[in-house]
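Record features (TrEMBL):
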TRANSMEM  44-63  transmembrane segment
TRANSMEM  84-103  transmembrane segment
TRANSMEM  123-142  transmembrane segment
TRANSMEM  154-175  transmembrane segment
TRANSMEM  195-215  transmembrane segment
TRANSMEM  222-241  transmembrane segment
TRANSMEM  247-266  transmembrane segment
TRANSMEM  287-309  transmembrane segment
TRANSMEM  329-354  transmembrane segment
TRANSMEM  375-394  transmembrane segment
Amino acid sequence: MSIAKLEGGMMETTNSISNRYAKLLEGSWLTQFRYGSNPWMARYVYSVLFLLANLFAWAVRDYGPSALTEMKRLKSCEGGKDCLGTEGVLRVSMGCFIFYFTMFVSTVGTSKLHGRKELWHSGWWSAKVFFMIALIVLSFFLPTEMILIYGDIAHFGAGVFLLIQLISIISFITWLNDCCLSEKYAARCHIHSMLLATAAYIVSILGIILMYIWYTPQSSCLLNIFFITWTLVLLQLMTSVSLHPKINAGFLTPGLMGLYIVFLCWSAIRSEPDDKCLRKSEPSRDWLSIISFVVAVLAIVIATFSTGIDDKCFQFRKDETQNDDDVPYGFGFFHLVFATGAMYFAMLLIGWNYHHPMKKWTIDVGWTSTWVRIVNEWLAVCVYLWMLIAPLVWKTRHLDMPT
């Protein structure tokens, strides 16, 4: 009898928690912040913490040498000089990485909303904020050799983040195209998809033309000419493959991918340290740098956030049915993306090279940054083309296999 009462009490507790989460979902995002800890509110709090870490790393890089003169008291920092500037960015990034990686280890495998892992993910904010601050502070007491080793590892971690982001973006584009071509939405979305595809192509071609005007003022800017021309060739290649009769993916996906690779090409050229191939007026350059920096920092946070909650494209077996008590997104994957994102923002702030000095209000500047962006563009095209061709290849191999 007592066991039955205990089970009944547990069922009532579970139902009350489910009802509370259901009411939170029906309300606005402000309601989610106001009433208790929950995973929908938690993802925004983690993003704010990530943004603050980005801003602190930037402040340490640009204003650390003049504002943190007291760092000379730290013997492990060799007079404080090595703890500031570029190395300071790596120290902040390391503390941020350890925090999110610890959250990844402690929340990976969470599947239900009512477990201890979910409560740890969605609550205990005072303890977690203190833990994150303590990790960042303690990173400034570590020896320089350890920080440089972390810097080498961060190159790999940042590359993993770019790859995850790349797959997430391409998966979203193909998902959007599949929805527009499905029987359920084909009639309703036909005109909208055609207008969107046309606008994407117009903006892509306009962007290529403007890059020719702005970034090839001289015939000696051969590298920029090559980057822009090859981007145009890749756009044509994606369109041709997408419209092949055996694939027939339409205009929407290559158009949106064209926007993406044009943006990557523009980012790569903007990362070049030499400004001899930049046709810009001198007075507006400072304001443009500040605006570009603010947009870039916000873009890092938004990209990390959107990629972190999009774990469906990395599941080999997709389950369409979802229960009410299932987690809304993968907590472990979410924190893993933020952990690699911590390495990524460090690479952007130091230009992927901790021996390369960075100017104030600059981000992702240097030849290493340029080539990382260009390789990312070429890799994006390769992944997209493989996603188009792979079903046809596997189908052909399956037919050729002897029965």
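Just so it is clear, glycine is given a Cβ too, placed from its N, Cα and C backbone atoms.
For the transmembrane segment (84-103), the list of distant contacts is 46, 50, 53, 56-58, 60-61, 64-65, 68, 71, 121, 128, 131-132, 135-140, 142, 144, 147-148, 150-151, 154, 157, 335-336, 338-339, 341-343, 345-346, 349-350, 354, 356-358: same-chain residues at least six beyond its ends, Cβ to Cβ under 8 Å.
Tallying C-beta pairs under 8 angstroms between the transmembrane segment (44-63) and each of 154-175, 222-241, 247-266, 329-354 places 329-354 first.
Only sequence-distant pairs (6 or more apart) were considered; of these, at least three Cβ pairs between the transmembrane segment (247-266) and the transmembrane segment (222-241) are under 8 A, so the stretches are in contact. Within the chain, the transmembrane segment (154-175) has long-range Cβ neighbours (under 8 A, six or more residues past its boundaries) at 90, 93, 97, 252-253, 256-257, 260, 303-304, 306-307, 310, 312-314, 337, 339-341, 343-344, 346-347, 352, 372, 376, 379-380, 383-384, 387.
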